[in-house]
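According to TrEMBL, the features are:
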type	residues	note
COMPBIAS	A:468-495	compositional bias 'Basic and acidic residues'
COMPBIAS	A:749-760	compositional bias 'Basic residues'
COMPBIAS	A:768-779	compositional bias 'Basic residues'
DOMAIN	A:19-422	domain 'Oligosaccharyl transferase STT3 N-terminal'
DOMAIN	A:577-636	domain 'STT3/PglB/AglB core'
REGION	A:457-495	region 'Disordered'
REGION	A:749-779	region 'Disordered'
TRANSMEM	A:12-35	transmembrane segment
TRANSMEM	A:85-105	transmembrane segment
TRANSMEM	A:117-136	transmembrane segment
TRANSMEM	A:142-160	transmembrane segment
TRANSMEM	A:172-197	transmembrane segment
TRANSMEM	A:203-227	transmembrane segment
TRANSMEM	A:239-264	transmembrane segment
TRANSMEM	A:270-288	transmembrane segment
TRANSMEM	A:300-324	transmembrane segment
TRANSMEM	A:365-384	transmembrane segment
TRANSMEM	A:391-409	transmembrane segment
TRANSMEM	A:508-532	transmembrane segment
Amino acid sequence: MAALETSRGTTLRNAFGNVFSFFILILIGVLAFSIRLFSVIKYESVIHEFDPYFNYRVTQFLTKSGIYEFWNWFDDRTWYPLGRVIGGTVYPGLTLTAGTIWWLLNSLNIPLSVETVCVFTAPIFSAFASWATYLLTKEVKGTGAGLTAAALLAMVPSYISRSVAGSYDNEAVAIFALIFTFYLYIKTLNTGSLFYATLNAIAYFYMVCSWGGYTFIINLIPMHVLLCIVTGRYSSRLYVAYAPLVVLGTLLASLVPVVGFNAVMTSEHFASFLVFIIIHVVALVYYIKGVLSEKMFKVAVTLILSLGAIVCCAVIAVLIALVASSPTMGWSGRSLSLLDPTYASKYIPIIASVSEHQPPTWPSYFMDINVLAFLVPAGIIACFSPLSDASSFVVLYIVTSVYFSGVMVRLMLVLAPAACIMSGIALSEAFEVFTRSIKFQLPGSSVHSQVDVGVKSSENSLPQNDVAKTDKTEDTLKERPSRKNRKKEKEPVAVEKPSVRSKIEKKLLVLPLEASIISIFLLVLLGAFYVVHCVWAAAEAYSAPSIVLTSHSHDGLHVFDDFREAYAWLSHNTEVDDKVASWWDYGYQTTAMANRTVIVDNNTWNNTHIATVGTAMSSPEKAAWEIFNSLDVKYVLVVFGGLVGYPSDDINKFLWMVRIGGGVFPHIKEPDYLKDGQYRIDSEATPTMLNCLMYKLSYYRFVETDGKAFDRVRRTEIGKKHFKLTHFEEVFTTHHWMVRIYKLKPPKNRIRGKTKKSKSKSSGTTTKRSRSGKKNPWH
Amino acid sequence: MAGELRIGATALILVLCFSMSCHFSFVAASSSPQDIQILNAERRIDLTSHIIKVFLTLKIENTGESPASEVLLAFPPTEFDHLALIKAAVTAGKQKKRTYLPLDVKPTELPNGPNGAKFFSISLLNPLSKGETATLEVLYVLTHSLEPFPAEISQSESQLVYYRDSASILSPYYIKQQTTFLRTPSNKVESFTRVESTNRAGTELKYGPYSDRAPYSFSPIIVHFENNNAFAVVEELVREVEISHWGSLQITEHYKLVHAGARHKGVFSRVEYQSRPSFSGVSSFKNLLARLPPRVHSVYYRDNIGNISSSHLRTDYHKSELEIEPRYPLFGGWKATFVIGYGLPLQDFLFESPDGRRYLNFTFGCPLVETVVDKLTIKVVLPEGSKDPSVVTPFPVEQRLETKYSYLDVIGRTVMVLEKKNVVPEHNSPFQVYYSFNPIFMLAEPLMLAIAFFLCFVASVAYIHVDLSLSKS
């Protein structure tokens, strides 16, 4: 009778708990979505930064022309005169997702513009990502940890930085895909269901579509499988979780045009195939072990080992030969710079020149994951008590992602979910211990609650396992072989023994009342600090769209909208087929906002082309004119921050232009631009620097603004103030001088006498100019 | 050789003149069966902006036998092409209590108009009997009639334009006495054609008085003067007015703006533009004023790459003024596109007519001050489920019907599309769109949403309670 009542009570409580956690999840989704809207509220609903503009443009094309046109799209607006095959070189996941959302909404007659859909894709997928985190953590450590982890992920600054409204980049959907793939892998591992294994392959396919970071999945999961095999945790569930993923996943991945045969040919994927072979060998061994007797098995082992060793040697030799035949050992430049952090700065300046490819500093860890950094170790400890397949996976995940984030700032993004999961586990474990301690020590209810918990733990085994997780029980749990432990979890019969034991254990777990109350208070404080920091980061640090800048001065808010001013001018007042040359940073924006053909853009696939533009910018005027003219360029766009103090302008990026240009065209030498190893533009600067095109285009008639030509970024007066342009003319400068556009003057008519004269003049006066003119790479 | 040519040309002109005058007399005889003569004509041509306004005062007398009910106005074909608007009124009463009664003006065809001259006929309220006189006030507006010369100017130059007209008024009637006044924006007049008795004082040029001019007499004049006003021309304007019976009117206006003055050539130097605003880029403009209805709310101003932050809105009880700056100053030939959108309270514009139908009373034309619209399209999006739309406009416009699908529409909304070319600020007068609407349609979309959510919950309840597994394990 009493048992029946209590069981009814628990079902009611379970139902209530389910509804409660459902609402919490909805609220977490709302939180994840709305914390990312600061950029829309503080600025406007607009696409941010550089790469999102390209994605936006591709989405526009997709919605206008349809999917088949999209696959075959050859873009002649960029990389002039080469062009770019967009369909085959882009990760289509994000574009297709936003395109599908747009199509769905429009077929329901909800007329949202493509831009609106693109702006809000990232916040929506952040909500999805936090739900996926809940699912993953729930598989690892139960509902409480799941909810905590989801709440933490909803507002982790590292992820916010890549997914505020308007930041329409691959990472926005890829993080969701990453976490969801991991969840499905763990789910398959826990259930052994082929259904989830298939879903897992599909989720992996979505991840491959979305982001180059899919190689992280296809290396992490094999690592975990290997770890399980090595630690003797092989099971048929592991096989079901892994083998279909490799087969289906690889087949699906090779369907994505940008991956194609890379899915089987590059070294990033070899680990998965190797582990695929190993898991089959292990499966075979386990099978034979089950079939044969002990003695026969030993014979078979020696036989197979000797045979297998020969075969393995042969295969490995072939593999090594194949891999070694390619110059980069079959690894792409970005992957190599992950394995060897110094690789990029040594060999590929173009990768090193991107700020997000630099290794992070300690403050950036605190900025991006804040208190999670301190909670992660506690979470790792909690994962070890007891260690299951799932918890070993998240431990492996955090360890590898910590390494990767240490190599590249950008990969902090991969660390963030792992840190959230770990901290979620740590926080929920801590809360559980403290609240239980308080509950046991509250006067009057101690005896009753003990019995109650005892009954409860006997009814379902999961809470029992959750409870047994403090340092004191660790030893007893570790003694058990892990596989048996898992079997016990599955069997709901393991009742009699724990019900007695758990009571004893719980008594041991109890902390002093005061200590637990204070600890809870401190934990809440820590959480509050985290929330405050996240909101601050979302509102202040990561919401600026970077195409429109604002500054607060004593007379109110001042808006610098110069970039769009220049792009709007280009799009309305130049010919449709005019080519615009600028440094590659502004390529995507120019094609998307001004709809003009550019020479280079942010998809830095052709180093020589970029080096040509870099060379032109670092050459004297005439040589630069010749290079640009040979590229059919009509306008040159430079970004200049000297008047208003905008620090990331072209003069500050100029050394990278010199380096990248000099890497291909050796007559550009970095030391020529440096005075005693220092980069300067004042009167001490070298003549090469003061005569190069970038300097001239940036500072042309700058002296007339204040009479002194004081550069507010470099905080100095410029070296050469009065000069004229002979081959370029200023056609547009924006309100705050941040973007300056010059037109190439048409070549002068040839007059016999005059050309001779000017030739002899130039060779007589400036030898340098004529020399660099001769070395023009296009002659 | 050159001399010969000149003689030939002169001969040709003489012949032409002769044939024309013959022609004229013939036409004059045939085209005015009622003999009307103009006792006194005064024409004032306002050249201060790029929209040319001509005020014409005619004192007419019927000299024939039969009463005259129509008065004809003649225009040369080039002027006719640029004619945006023509209005006429008859004055009644004495000096102090003078009132103006508007008259109907219709284009008519005369079979024998000389040199393709075009005609408008003014129908008088009361036919003029013999010997009676009446005073007519005519206003007509010309656009695109100032030709920049030189056609291309640099940043430091100011803009000079040509205006072409005739010293005497083109008319099918005999004019006893006439004078023409031209008002230029500044004292700077480069040149003007001198014909008999031409006078210039300050910003005013006076041609006349001339007396006893035969019908269709024409003496071409050309005035070359400085005009640095903003030549703001909207090449295409699409205004969409969406009616929601939930209480608001949403207006979206898509502009394609161009500076139609002398083309900018060569360098644009920001430093000169900023440091010497009175010398540099005087013919350019950087802001425009839009007069919006009062009680306007949620105003936005953007283009296809995002919000344009340089705008100011001033509102009071009588009007709202939106001052907008395009992203960059517009020099001759430069273009810009932008969108202005705003909401208005429905009760200010939607009324119920006595027969139970509803009508929208809204202003035609372009809210921007002092601009010409080459092609104006007004789309009135009626609520879903409205029937029998009809439109009443003060002047003829092209109209057609479209269907638009907006938020969660099933059958689509009827759109009344009105199109008019060559629109000037004088066209800003109200028009009405009548339609009948059953308020029950307002509930369609909320009900649809409610049902959709309900079905969603039913489906999830069903899913939870149905066991889909093939076998119990």
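Cβ atoms here come from the backbone N, Cα and C positions, even for glycine.
Mean predicted confidence for the domain 'Oligosaccharyl transferase STT3 N-terminal' (A:19-422): the pLDDT average there is 88. With helix defined as DSSP H, G or I and strand as E or B, the domain 'STT3/PglB/AglB core' (A:577-636) counts 33 helix, 8 strand, 19 coil. Highlighted: of the candidate stretches A:142-160, A:172-197, A:300-324, A:142-160 has the greatest count of Cβ pairs under 8 Å to the transmembrane segment (A:12-35).
Distant neighbours of the transmembrane segment (A:270-288): 218-219, 221-223, 225-226, 229, 234, 238-239, 242-243, 246, 250, 264, 297, 300-301, 308, 319, 323, 330; these residues of the same chain sit at least 6 beyond its ends, with a Cβ under 8 Å from one of its Cβ atoms.
Same-chain residues lying 6 or more positions outside the transmembrane segment (A:239-264) and placing a CB less than 8 Å from one of its CB atoms are 71, 87-92, 185, 188-189, 192-194, 197-198, 200-202, 204-205, 208-209, 214, 218, 221-222, 225, 272-273, 275-276, 279-280, 283. The transmembrane segment (A:172-197) makes contact with the transmembrane segment (A:391-409), as judged by at least three Cβ pairs under 8 Å among residues 6 or more apart in sequence. Within the chain, the transmembrane segment (A:85-105) has long-range Cβ neighbours (under 8 A, six or more residues past its boundaries) at 55, 58-59, 61-63, 67, 70-75, 111-112, 114, 117-118, 121, 125, 168-170, 172-174, 177, 206-212, 256-258, 603, 605.
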